[in-house]
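Novice: If you scroll down you'll find the structure; I have some questions about it.
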């Protein structure tokens, strides 16, 4: 939040960066074909008014396929970055954890409405990125005990 040495404009700009990043993640998450976005920079959405809710609790993908390993690493990295941005804005571990959890669940459920594969396992993969960031913050406590001060500068 806004501290003693902080200004409202700076807070609003940092919050804007978070909103832009979250918007970018949402577009990439719900675009009909992530590969098409990468290959031809074409973003398209196909809405599904009747998603298969059971598929949210299934995970039928190969854990060993290189493309899925890379994709899941991207999930974790994206949420590591999101956690960093949230920490810059809110400076509270609980805010980072709660907002990251909300967004992880939201994006995975939203994918069901856009002919994408949203699943509970991906929520945990997303949150592994958040957990990694929180671990880095915890390990970087300075002598005063302030969490993340060394990470955030």
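The backbone N, Cα and C atoms fix where each Cβ goes, glycine too.
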Novice: Any idea which of 48-68, 69-89 is down as transmembrane segment in TrEMBL?
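Specialist: Comparing 48-68, 69-89 with TrEMBL, transmembrane segment matches 69-89.
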Novice: In TrEMBL, which of 100-119, 120-139 is labelled transmembrane segment?
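Specialist: The listed stretch tagged transmembrane segment in TrEMBL is 120-139.
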Novice: Please list the DSSP helix, strand and coil residue counts for the domain 'VanZ-like' (19-139).
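Specialist: Helix (H, G, I), strand (E, B), coil: 89 helix, 0 strand, 32 coil.
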